[in-house]
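Going by TrEMBL, these are the annotated features:
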- 80-269: domain 'ABC transmembrane type-1' (DOMAIN)
- 21-41: transmembrane segment (TRANSMEM)
- 84-108: transmembrane segment (TRANSMEM)
- 129-152: transmembrane segment (TRANSMEM)
- 249-269: transmembrane segment (TRANSMEM)
């Protein structure tokens, strides 16, 4: 009963502002397009039509066609699926690895903490897009590889956040009591410390999806991301920049989609952060 009340209060706080509602609707629209792309897209996104290449927007092709005669709207819709899949999977990878490493570093301390901390400092010293480019050059692209690479290159934030959480929580009386009762370390970590750190983890995951999608678009733009003929917003911008005079929509609209989705995700993440902050809920 209490959990239900807390969930209702959470959603009430998240959607208390109209701007959060608007951004949630935008994100849900993109999710809908990703889930139902085969039913929403008017054409096969990968099928070329050289009799209709680089057409301007028309009734037959609402956003025109690209340099292979493929429908731009259909490719944008399927590109939504690629961006969201990579964004979500990469964040899950980063969260899973980073949270575990952060808990281990904060709980055990000593040389284990020093080793993990120094390693993460080295990762954070390299810009994510540069590190992702290097890993992509070694392991190749593709949706699965990109998700893992972007996850690894962005996990340091989770390690740092979780380490700080553990350093605070492990001093609590109930953790000390658990140790005295003979509970194993990993049981205490996953049964007691992790559940009490869920709020900051959720906030970080929500805010990081947008930056990961932006990183994927950057890699695809540089030719290191999703390879042809799979539709990707970044690769569409890269291809379309050579045909701005023929069909500017070809390059501009995918870039606009990236901007809208990333901004909406970040602002939605801000709403989730505010809803989970006890100081802003008046509980402090």
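Every residue gets a Cβ built from N, Cα and C, even glycine.
Panel annotation: around the transmembrane segment (129-152), residues 82, 85-86, 89-94, 97, 123, 212, 215-216, 218-219, 222, 224-227 of the same chain, lying at least six beyond its termini, place a Cβ under 8 Å from a Cβ of the stretch. Only residues 6 or more beyond the boundaries of the transmembrane segment (21-41), in the same chain, are considered here, and those with a CB under 8 A from a CB of the stretch are 14-15, 71, 73-74, 77-78, 80-81, 84-85, 260-261, 263-265, 267-268, 271.
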